[in-house]
Amino acid sequence: IVIIIFLLLISTSASIDNTTCGETKDCLFSPPGCTPSTCAYFLSLTSEDEWTIFEVSTTNVSRKTNYLAVGMSDDDAMGEEPVTFCFFPESGAPSVNVGYNNGKSNTVADDSLKPLLTKNVELLHAEKTDNTLICSFRQRIQPSEEHEMLPDLSKKYTVLMARGAAKSPTHLGIHGLTPNLADFPFISPSSINLTHFYSSAPSTTLPSMEAESTTDASTSSSSPSPSSTAPSGLFDFSKESRLFMIRIHGILMIIPWLFLIPSAIFSARYLRNEWRLYSPGGIKIWFHIHRSLNWISLLFLVVATLLVLMAKDFLWKGPWPGKPKGKQASPGSIHSLLGAVSLVCTLLQIAFALVRPSPDSKIRPYFNGIHRVVGLVSLIFAIPTTLIASFYFLKYWNDQSTAFLLTIASTLLIGLAFILFEVVRRYKQKRELEEIEMDGGKTAIRVESQLENILTKLVFILFCLSSCALIALIVLNLIA
């Protein structure tokens, strides 16, 4: 009898009641239709007095998994959000702590913030079995003082849940970064009113929301709710539409910056002496290539910019006075800033081209210098912008690690092409002038080198083919 009672107590303590989901508390299920004992991730929310109570669990965990975290994000991407997590040490009692995500890194509250933590977060229950992590804690709706690690729970947030291995409560290990991994985080399909079920105020019944482990959702009632995937924001776009627009934005940015614009730069610098016998419309072929690629790039960049602005309701996501310190230098903020600089430089290039002085003008050399510098600056700022997107913006990629490696490969390819072009160019210049002594003096005789011309064209063609192949793989990673 004692053994039976003991087993019943274990069974009771290691479970979460989901029978009142939609009646007295909001619930998130991943995958749809699961129960707390089988869900990859489960979360319930209810509020009373000055607190919101979180019940969170995860199953099918590995032996090394020892933390379970809940993040409250202003958007639908990981990074720049406060996190509350439960830590389960191998020996000793579980604990609760808070932190803040800066891209893929996490800053955890240290001992100096312990008094603040004690006032705002309280662990109610936590336990770990061979297969499951369960944690229940309450967090103050309005923090006792403003801090980036303590969100205002009266606002709506996209809820993130993650699990992983940590060496200590102050050093969280990184979780899965690709959707096919078991430890890949859960992202709620839409922003959620965390205090919807508040015991001190009347509320209408809200159906529980079931969500998949990424961003798809299904709701089980015709009544509207804060947790639905209904369109919101300045534009009447659904969450799925905004996600699609941002992916297309990425594609339209990657193609110009990793292929079209570098090719335009290479054509202007290294192809001027190629195909000199052909001038369609009285214009040299290199200039046809240079101008055409730049105009196509401009079209792609403008459309891409409009798409992301519409997806973000024309809200500036870069650094701004008054923005929380943790978000000023976040990956998303830096991405926005660098991208804006690149776009402005590109627009300046087009403006300069429209007022280009004639070849015999005295100011033409100054124009050429400014034109080259601004073009180079735009590319220099654009490359880290694409690297940030491929490294930090997890949810948009099918396989983020592969996307990052492909972006690095494309960047290295641009650098390698530049080096090869310069080697051929320097060698060609050395061969073109041969000095011979004639009548006691020196005369420079230009010697045409067909080999160097062929090599220049070959490097350009190989760059174009290789770049297109890499970009095709990156695009497939975005849309797969």
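Backbone N, Cα and C atoms are what each Cβ position is placed from, and that goes for glycine too.
Taken verbatim from TrEMBL:
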type: SIGNAL; residues: 1-15; note: signal peptide
type: DOMAIN; residues: 39-164; note: domain 'DOMON'
type: REGION; residues: 207-232; note: region 'Disordered'
type: DOMAIN; residues: 211-430; note: domain 'Cytochrome b561'
type: COMPBIAS; residues: 214-232; note: compositional bias 'Low complexity'
type: TRANSMEM; residues: 248-271; note: transmembrane segment
type: TRANSMEM; residues: 292-312; note: transmembrane segment
type: TRANSMEM; residues: 332-355; note: transmembrane segment
type: TRANSMEM; residues: 376-397; note: transmembrane segment
type: TRANSMEM; residues: 403-424; note: transmembrane segment
type: TRANSMEM; residues: 458-479; note: transmembrane segment
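Among the recorded stretches 332-355, 376-397, 458-479, the one sharing the largest number of Cβ pairs closer than 8 Å with the transmembrane segment (292-312) is 332-355. Stretch with the largest number of CB pairs closer than 8 A to the transmembrane segment (376-397), among 248-271, 332-355, 458-479: 332-355. Remote same-chain partners of the transmembrane segment (332-355), defined as residues 6 or more beyond its termini with a Cβ less than 8 Å from a stretch Cβ, comprise 75, 77, 79-80, 103, 253, 257, 261, 291, 294, 297-298, 301, 305, 316-319, 323, 367, 370-371, 374-375, 377-379, 381-382, 384-385, 388-389, 392-393.
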